[in-house]
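Inspection log for the structure reproduced underneath, given as structure tokens.
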Amino acid sequence: MHDIRAIRENPEAFDRDLERRGLAPLSAELIALDDARKGAVSAAQAAQERRNALSKEIGAAKKAKDEARATELMAEVARLKEEAPGLEAAQGEAAKALDERLAAIPNRPKDDVPPGADEHGNVEYRRFDSSRERLAQGRQHFELGEATGLMDFEAAAKLSGSRFVVLKGQLARLERALGQFMLDLHTGEHGYTEVVPPVLVREEAMFGTAQLPKFRDDQFAAGENFWLIPTAEVPLTNLVRESILAEDELPLRFTALTPCFRAEAGAAGRDTRGMLRQHQFNKVELVSITAPEKSAEEHERMLACAEAVLQKLDLTYRVMTLCTGDMGFASQKTYDIEVWVPGQQTYREISSCSVCGEFQARRMNARYRAKEGRGVGFVHTLNGSGVAVGRALIAVMENYQNPDGSVTIPSALQPYMGGLTRIEGPKN
């Protein structure tokens, strides 16, 4: 959510940032809506002030025994009372029109975000190469999984339709191991507090993190006012909703392993086989709440925490700084981590780490009280995948596959697998 006062103070800068996002200028429209809101407020206030003044005049007229004047004034008061509901309604409608327009506008990109229209404008930030020899070519994860009978898309389709999977046996255990490994890393080494949040949230929570109203069609609704979370970012960030934190409490760092649900699982016809794009998947999420001057530093820290997962798994990856045309609606700046998948001979996104500034905090009314009497301001919010568990499973399967169809278990995961060192391939 944007600050209309900041827009009024520097409309040219606001429009320049929208232009970087590929949008037309909107400051004039927003200022006109705000003028209408102010006009409605002024009209309601003027009517109330007039009623207050008339009440005093009526008292004076009665004291002077001027009944005619008192009757005339009371008639005007009655008229103003009749008009009051309409003035209040106009005030509410004007405020709603402004708020709805502001809520539909994406966040302003930071100055150092590279320009670009789509993913082709993204810029490599850094990379990490595995100590293991890169496979020149390999089987895709679904070929490996289906051959063992431990990855069953046909059974999932009978249960739920397309873009679901049933994992069995050691593959199910491997996915569970990945999630537990990530949680232990983030809580034990990175200072995050583990949270087990609801996966059903109210509409206000989805609005707070900006999934609603713009991305309503991409979500799963459940009942009159419940939504299945598309990411644990929603409940974790909303933990500070409608609160005022002490600056000494910051930063807050939360992590959670949850199922995530997305009605729109990706572009039509893309990644139709396998686990890359699903309606339901597990993900470890990282969320930080900081003071404004600390958010840029926290963004780099969060990125490093997500990278540590892949480094300990010894997986090749690269970090991309997303351009203005590819970053998310609520983001000021985003880093994507893309892991190498030999089956496709390409990099695929496995984590996205974003700093949102006060954009979400304004929608949630999440504030903090600064030290030394510097007043109350909005916190900054950050979120990142730490990482997507299903995609980590894909990366492990494809990068650790063997010619016989077996999969070697990375050493970091073996303690979570009861000492198992490999998942056997299909028996001939």
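Even glycines carry a Cβ here, placed using N, Cα and C.
Swiss-Prot lists Thr231, Ala232, Glu233, Glu285, Ser385 with the feature L-serine binding site, giving sequence analysis as the kind of evidence. The Cβ of Glu233 (L-serine binding site) has Thr209, Glu285, Val287, Asn383 as same-chain neighbours under 8 Å, each 6 or more residues away in sequence.
For the recorded site, Ser351 (ATP binding site), the DSSP three-state label reads strand. Taking a C-beta cut-off of under 8 angstroms and a sequence separation of 6 or more, Ser351 (ATP binding site) has the following same-chain neighbours: Ala306, Asp336, Ile337, Gly384, Ser385, Gly386, Val387, Ala388. Sequence annotations record features per position, and here Swiss-Prot assigns ATP binding site to Arg262, Ala263, Glu264, Glu349, Ile350, Ser351, Ser352 based on sequence analysis.
Figure note: comparing Cβ neighbours within 10 Å for the binding-site residues Glu264, Glu285, Glu349, the maximum is reached by Glu285.
If you take the C-beta of Ala232 (L-serine binding site) and look for same-chain residues 6 or more apart in sequence within under 8 angstroms, you find Val195, Pro197, Ala256, Leu257, Thr258, Cys260, Lys283, Glu285, Val287. What surrounds the L-serine site, by Cβ distance within 8 Å of the Cβ centroid and not counting Thr231, Ala232, Glu233, Glu285, Ser385, is the set Val234, Leu236, Ala256, Thr258, Cys260, Lys283, Val284, Leu286, Val287, Asn383, Gly384 from the same chain. Same-chain residues at least 6 positions away in sequence with a Cβ under 8 Å from that of Thr231 (L-serine binding site) are, in sequence order, Cys260, Lys283, Glu285, Asn383, Ser385.
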